[in-house]
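The feature domain 'Calponin-homology (CH) 1' is assigned by Swiss-Prot to 36-140. Residues or ranges marked as domain 'Calponin-homology (CH) 2' in Swiss-Prot: 149-255. According to Swiss-Prot, the repeat 'Spectrin 1' annotation covers 253-393. The repeat 'Spectrin 2' feature in Swiss-Prot is assigned to 394-508. Residues or ranges marked as repeat 'Spectrin 3' in Swiss-Prot: 509-629. The repeat 'Spectrin 4' feature in Swiss-Prot is assigned to 630-742. Under the heading domain 'EF-hand 1', Swiss-Prot lists 776-811, citing sequence analysis as support. Under the heading Ca(2+) binding site, Swiss-Prot lists 789, 791, 793, 795, 800. Marked as domain 'EF-hand 2' by Swiss-Prot: 817-852.
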């Protein structure tokens, strides 16, 4: 697997080796130095095989792109024939060929991940190197086997064995261990000492060592130069794959050529001219050494198995000897807990302690059989264990152990069942006794309690019901007490180990049961007597409550009526109050009788409570009222009656005086009010301009003004009467509908109307004279205005104003343009946006429309004449043509002219003129 190269290779049957490969590939990304080494090494390795087919490659990422040489390489190294390649040059032909090669690799049990034909065809160097490395692993390294180690570990062990005798060589890996070249030289010298004089090599000269090894391997061993000495020396950590590839060539060269009589061996001797006898001796020595090592290793393993058997047998037999007494013991403390503890110990023994011994016995038998088989196969005599440790001895001891286990377990289960039955009976006794004692807790104290002597009647009845329920419960518990006694008797019969405590507890329960019966009867008698006394007191309390509640309500109502702070405004009201008070006084006799009955009920209850000494007997549960409260309220009511008589008499005199003031005010107001209304109607008629000229209207208005001021003393006299009415707090007067406020408002409105109408008439005269309109025109305008002033308010709403204009012949369209024109007219007649049009504004607008008036355009034309048709005017021209004060007025208010061709001091008369008529922002 190669993460940085983007591929994963795995072979079936070599999972351990491929897992190691995965670990190698996790170290990091493929750096440029390693990539360069791999490219050079893999290219040389491929060429070493391709030359057998008469071809080679120059650039590994390009020459395999069409897939042809890749398929040829696989055929050479596998000795098998691949499918016929596609000969086209199109991309899909190349992909098809590469896929055939990849399929062949996969058929050899190699799992390819992330390696696709497209990457190889595209010349992806990392993918190509990864693919070649996968091929090298499968066809050059995987089959290496040294002492049950395969692939990388086998190749590394082979290197270590071969180089062990050599100085300065310590092969631990496939990168740094080969960096100085001595390991390569040692491998060659070990197999071909005639090719290298190892004693002359130095660790301090790695370049010479590497060149020597590579040259000798290429010249005499037919191993091409796959590594560059400079790259190995200058790289801190040379590429492991490149070195493994090169070292695997050494392995195949030496292992394939070492067999005497083999064709490669004979050809090799022929090429080198060396002695055949020399290599036979060399091979024989190595074979003899290997045979001795193998025999010694077998003998050592057999001795180890014998020692282990003796140790395991002794340990197992000793454990059985220690365990048997415990299994044969039948001692018990006759308690269920003790037997259950023994049973749990036995289960722990079966669960934790025995399983390892079962495994130990099985291992012992397996080791014995294995040992005997190995001895037989190696022609050794059979193994005889020491006395008492034969397999049969162990089997017999084991059977005895299992028999003891079975008997011990059966005894434990039987004893457990017996004690469980007895313990169940004891637990049943305990449970029933506990339940009974829990039920009886507090019962004696409850029955001896005198709590009912401090109870009210309802509480006492509840206690009596509760006691009746307890008596029923007591009768129901009689069966439980009998069951407890029966169980105790049975435990005694069965000789329960703790019978003493059972009997003592049973006796306590029976004694307590007798006491509870006596106390129950005594408490019932006490409850009955207390109920009789409280019922008698309760009847008195109930009667008191029935009478006291309505009487108390009557007292509260009477007291409220007597102290009521009444407010009256008429004689009828005060007379009604006096009549109601007289009726109340007539009921006081019956009330006094009821009061005496109520107080008598309380005294009777007090006598019984004192005689029977009933705690809390004076507390009435039916009411919160008391005799003292009723007595106090009755005394208060009797004292308030004469006070109420005096208050009503005083109020009667006050109302008689108020009636006189009402009549005086009404007489005067009924005269003033109509007079003000008549004057207001006359002034309004004049203001409407219905008849007469403006001068006549003005004359009549001034006459009315004099008459109104002459009537003012009557108003002042009415104010004095009103002041007296206010001081007497009189707010209503049935003799007149006029109030002082309405008369004041009417008087002020009259004065205001006269002044306003005088001002309007004077303004109309001024407008008529200045505009030159005739009396007929003025009358027409007034008539139209009055016609649409439906409410006679002296003003028109916008819609009324619009209708008035239309009636006078003013054209206003009903389209959007007409609405815009009307809004402009409204802005003129109602500049403050009050929502109404006064007659003065209406008249001013109509006179503008019907007469020739000055406009902003006329003023602009006049200024243009003074300025000689220029768009601006100079201050000197204004001073020359206008009076001095008016000239200075214009100069101060005219803005500077900012148009084209302006000269210093030029003034803008156009903006000034439009501002005079409110048509600009100036």
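Each residue, glycine too, has its Cβ placed from N, Cα and C.
The structure displayed is predicted, hence computed values, not measured ones.
Taken together, the residues of the domain 'Calponin-homology (CH) 2' (149-255) have an average pLDDT of 89. Classification of residue 795 (Ca(2+) binding site) by DSSP places it within a strand. Counting residue by residue with DSSP, the domain 'Calponin-homology (CH) 1' (36-140) contains 71 helix, 2 strand, 32 coil. Shown in sequence order, 788, 790, 792, 794, 796, 797, 836 are the same-chain residues outside 789, 791, 793, 795, 800 whose Cβ sits within 8 Å of the Cβ centre of the Ca(2+) site. In the three-state DSSP reading, residue 789 (Ca(2+) binding site) counts as coil. Within its own chain, residue 791 (Ca(2+) binding site) has no residue 6 or more apart in sequence whose C-beta sits under 8 angstroms from its own.
There are 18 other CB atoms within 10 A of the CB of residue 800 (Ca(2+) binding site), with all protein chains counted.
With DSSP classes pooled into helix, strand and coil, the tally for the repeat 'Spectrin 3' (509-629) is 98 helix, 0 strand, 23 coil. With a 10 A radius on its CB, residue 795 (Ca(2+) binding site) counts 18 other CB atoms from all the protein chains.
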